[in-house]
Amino acid sequence: MYTIGAFSKLSHVSARMLRHYDAIGLLRPAHVDPDTAYRYYDEAQLSTLIQIETLKSYGFSLSQVAQLLPLGQQELSRRIQRRRVEAHRELEELRKSLRRMEEDILRMEGTGMLKDQYHVIEMEAPAMRVLGLRRTISIGQTHELFQALYREMEARGLRRAGAAQLLFLGEEFNYESMDVEAQVAVSGDHPDVKEFPAGKFAAVTHVGPYETVRYAYDALCAWLAAHPEYKVCGGAVERYLKDEAQAASPEELETGVLFPIANA
């Protein structure tokens, strides 16, 4: 049997953490002296403690670790595989955040103002014949939404005749629940084809990865603040002028961001 101090040295887990594991029922001491309340651990508990620390290092919470400990090897392996998929997704999001930080730093050091990178224009956009598909999605499901739209286009015997675009229709923006409509300009006749109406827009073109398109929104908001004679009269439109099928790399993507405007 080991005292809590000796067990801590042996396992390289602090005594404070061992007390916490005891308090939450994750790893109870093998014996507690009724007179002194000293905790004692046995060698057999080392393997359990190693497993706890390993699962923690994989990103499982302590409550999740408690659920995993009793599982057999096959089910535990499945849970770890699922966690690996989640970790890859988290890593990719972290990489995107790091890229955005680096780009922000470079832009700020180079110009001092992100909006200086963009030229906002007023434009009269003509009407377009489009096929649309409206859904409530998370921001990560945008690609799948457009793939579904293109399948619907082919199923109706229509041909693509211009850019695809995404209309934001909700009352507010929510990364996890966006009310949007994917549209693509088409040629051919079908009852589901409709008109995207002509209108006046404040517009800007973003060149580069979609993850940094927010800079274009910043530029449009700054432009609107400087032009109080206009008000926004509808949801934003992202028009994919040069999409993934046409660009050799994310740096070559071209996205038009349009705000419908009217006189204030």
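Note: Cβ is positioned from N, Cα and C throughout, glycine not excepted.
Note that TrEMBL annotation is computational and uncurated.
Long-range neighbours of the coiled coil (77-111) within the same chain, counting only residues 6 or more positions beyond its ends whose Cβ lies under 8 Å from a Cβ of the stretch, are 58-60, 68, 71, 117, 209, 211-212, 215. Positions annotated as coiled coil by TrEMBL: 77-111.
Mean model confidence of the domain 'HTH merR-type' (1-71) amounts to 93 (pLDDT, 0 to 100 scale). Among the features that TrEMBL reports, domain 'HTH merR-type' is placed at 1-71.
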